[in-house]
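For reference, the structure is listed below as structure tokens.
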Amino acid sequence: MDDIFTQCREGNAVAVRLWLDNTENDLNQGDDHGFSPLHWACREGRSAVVEMLIMRGARINVMNRGDDTPLHLAASHGHRDIVQKLLQYKADINAVNEHGNVPLHYACFWGQDQVAEDLVANGALVSICNKYGEMPVDKAKAPLRELLRERAEKMGQNLNRIPYKDTFWKGTTRTRPRNGTLNKHSGIDFKQLNFLTKLNENHSGELWKGRWQGNDIVVKVLKVRDWSTRKSRDFNEECPRLRIFSHPNVLPVLGACQSPPAPHPTLITHWMPYGSLYNVLHEGTNFVVDQSQAVKFALDMARGMAFLHTLEPLIPRHALNSRSVMIDEDMTARISMADVKFSFQCPGRMYAPAWVAPEALQKKPEDTNRRSADMWSFAVLLWELVTREVPFADLSNMEIGMKVALEGLRPTIPPGISPHVCKLMKICMNEDPAKRPKFDMIVPILEKMQDK
């Protein structure tokens, strides 16, 4: 079968590029052994494919069934250029697999001397023990062993044995490839959905946690008055565009159930354990969003929006705000396609005006530059990330809409905010929509801020 895993193994860059260009393909899916496309390309030394996968957003620290990361495989097989590429993109150099081995264990065992030296030069620990009490240097032949010890000591490493603990990876979440079959089903049998817990209910419908084909999912049941053949046809036509699997910062709609046979039109999407960015910032989840995490979220959102803005035509009726951005298990922010409104859902109503650009509150959608308006929404998200506050929390939606559109109400930037973030916010919130930047222009700015 000439699938993506074979193409990555064989280094067929043209076929891989064509596959990546199809938005319904998920580059972070896994095969039967939990190997992602990146695992295979790293194992087989396919540098061009590795580069392409990383540029398209492949997860660097993804683990297969044996908890090997792509770095474990590249180090074992002595692909020095790929090891350096993975390290450049922040691969976890001391990631532990199911045997307690780190990439350096394998580089030493297989006699990949140069790779072992590179790993130590980048902070790999020479005396971390696996489950069997063996250190990486125990696996190396004598000359390499001495050399690595010497290098590590020069770099300030303590050469005493670090005993194996089952908690080496605690505090990081183990990132698994996604189930590769999920993007194959667009129409879903309503009877196969198992509704577990109701999460939320509002004007547009109900949100449930559920199970489907052994996977945790979120089920969105739409409330639609006077369901008709025409609305049913629109639902069928508009759904497929929301199945975007090809970008790591976009959360696709996995599939839909038409009504009938379902009692209401229904969407399903991946379960996100942390919920939305709104939940994380304002509803006390278990982790702290510090400055570096805030910049990472901003970068994730900017990358996702930059991708969505390349689509022609644009996805209509998509509103960017902190409730429509989901946070994945590995703290990646993803723009949710399940929050896009359908043409038959309350046209002309705004439910989150605090994030909406003034011109979009005043004009019809067809008279607004959507890309510029999205940039304003992004500026409000930046404000929210640095202040941890809900914009205009003391006003009703009606008041916010009126005051932003007609009275010049704007978020006030408090003192003490990083001057870089402050400047970026002001640029993105320019009163003249034509002077706001595009997302592909601010991605490199945020990347620089992240590196600092």
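Placed from the backbone N, Cα and C atoms, the Cβ positions cover glycine too.
Swiss-Prot lists Met1 with the feature N-acetylmethionine.
Here Swiss-Prot flags Thr173 as phosphothreonine, drawing on experimental evidence.
The phosphoserine annotation in Swiss-Prot covers Ser186 (among others).
Sequence-distant neighbours of Ser246 (phosphoserine) (same chain, 6+ residues apart, CB-CB distance under 8 A): Leu20, Asp21, Asn22, Thr23, Glu24, Asn25, Asp26, Leu27, Arg56. In three-state terms derived from DSSP, Ser246 (phosphoserine) belongs to neither a helical nor a strand segment and is classed as coil. Annotated phosphoserine per Swiss-Prot: Ser246 (among others), in sequence order, evidence recorded as experimental evidence.
A 10 Å cutoff on Cβ-Cβ distances gives Lys426 (N6-acetyllysine) a total of 11 other Cβ atoms nearby, all chains included. According to its DSSP assignment, Lys426 (N6-acetyllysine) is helical. The N6-acetyllysine feature in Swiss-Prot is assigned to Lys426; the stated evidence is similarity to another entry.
Residues or ranges marked as region 'Interaction with LIMS1' in Swiss-Prot: 33-139.
Residue counts for the repeat 'ANK 1' (2-30) by DSSP state, with H, G and I taken as helix and E and B as strand, are 16 helix, 2 strand, 11 coil. Per Swiss-Prot, the feature repeat 'ANK 1' maps to 2-30.
Within the chain, the repeat 'ANK 2' (31-63) has long-range Cβ neighbours (under 8 A, six or more residues past its boundaries) at 4-5, 7-13, 16-17, 20, 69-71, 73-74, 76-77, 79, 81-82, 85-86, 89-92, 95, 97, 172, 174-177, 180, 246-249, 303, 330. Sequence annotations record features per position, and here Swiss-Prot assigns repeat 'ANK 2' to 31-63 based on experimental evidence.
Residues annotated as repeat 'ANK 3' in Swiss-Prot: 64-96. Tertiary proximity for the repeat 'ANK 3' (64-96) is limited to same-chain residues at least six positions away from its ends with a CB under 8 Å from its CB atoms, namely 30, 33-36, 38-39, 41-45, 47, 50-51, 54, 102-104, 106-107, 109-110, 112, 114-116, 118-119, 122-125, 128, 130, 168-169, 172, 174, 177.
Helix first, then strand, then coil: DSSP counts for the repeat 'ANK 3' (64-96) stand at 16 helix, 0 strand, 17 coil.
Taken as a whole, the repeat 'ANK 1' (2-30) shows an average pLDDT of 91 in this prediction.
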